[in-house]
Amino acid sequence: MVDAESFIDEATEEISEKVGDAHAIIALSGGVDSSVAAALAYRAIGDQLTPVYVDTGLMRKGETEGIRETFDYMDSLRVVEAQERFLDALAGVTDPEEKRKVIGEQFIREFEREARDTDADYLVQGTIYPDRIESEGNIKSHHNVGGLPDVVDFEGIVEPVRDLYKDEVREVARALDLEEVVSERMPFPGPGLAVRVVGEVTAEKVEVAREACHVVEEELEEYDPWQAFAAVVGKGTGVKGDNRVHGWIVAVRSVESRDGMTARAQELSWETLQRIQSRITGQNDNVARVVYDVTHKPPATIEYE
Ligand code: XMP
């Protein structure tokens, strides 16, 4: 485990030395990794840092508002409203890796524009140790590793948390007084709700996933999971009132893990499962059924795509 206080001092000093009087930019995702990297960099160089938050429309409920509040103290924060552009780019795309690619490319386009506009010399990234391992092993393409450095000719890249595990990043977040919504936030995939919607990403499926994820997070807080969420996995028949409907199937997933590389499905009480089921089917007439995923990782991954 890291000594958070000395880590913060050392990281801040290293960033100041590296960046000097130049300008830096960071893509803020709202997750704990990029938030800690941004907070460290802001401590080191203040408004020489431009944190850019791209609202892809694939974020969790209340995420954008939360970002604005948490980082209100950073005068240089930019929020890019890109929801429609992402949905347009994803229309007709069904392959999981293709989805990641489309999202990654759209993200780069949005970010590139901001980077050029701010004349940034350095790129700050919230890459953590497991990201590097999974990317090097080619297990999946992470849009937060690689890609960004190539779009603009940055003088250098700063990755202040590159040697830390997630629990160590949280420790640093607490020491930095980052609000609980950030420091205790569950990991959320870079491609957002797009990997919690099996098949084509549509505004309707994303909305079902977003509302269902919110219910699951609220109901499972007491179980303290590594990640708990819901995904739209397909369609099935159901009855609503007197009508037979063809509605969405929502899968609920809750796992324990240390670093996301392996995970165990959590055992939940029947009452909890039924409460989740009743809230999710109750909030949207187009949801026909709710199922609970009992698969560990391996053999399953944590996300659905
Ligand atoms: P999987 O689904 O591969 O996920 O078991 C392991 C951990 O990584 C997160 N995840 C991602 N994070 N970009 C990310 O930044 C991605 O493309 C991505 N895919 C999965 C996932 O939420 C879990 O914490």
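From the backbone N, Cα and C atoms, a Cβ is placed for every residue, glycine too.
Any TrEMBL annotation is an automated prediction that lacks curation.
The feature ATP binding site is assigned by TrEMBL to Ser29, Gly30, Gly31, Val32, Asp33, Ser34, Ser35. Ser29 (ATP binding site) falls outside any helix or strand according to DSSP and counts as coil.
Residues or ranges marked as domain 'GMPS ATP-PPase' in TrEMBL: 2-185.
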Other than Ser29, Gly30, Gly31, Val32, Asp33, Ser34, Ser35, which residues of the chain come within 8 Å of the ATP site, judged by Cβ distance to the Cβ centroid of those residues? Leu28, Val36, Ala37, Ala38, Gly126, Val182, Arg185
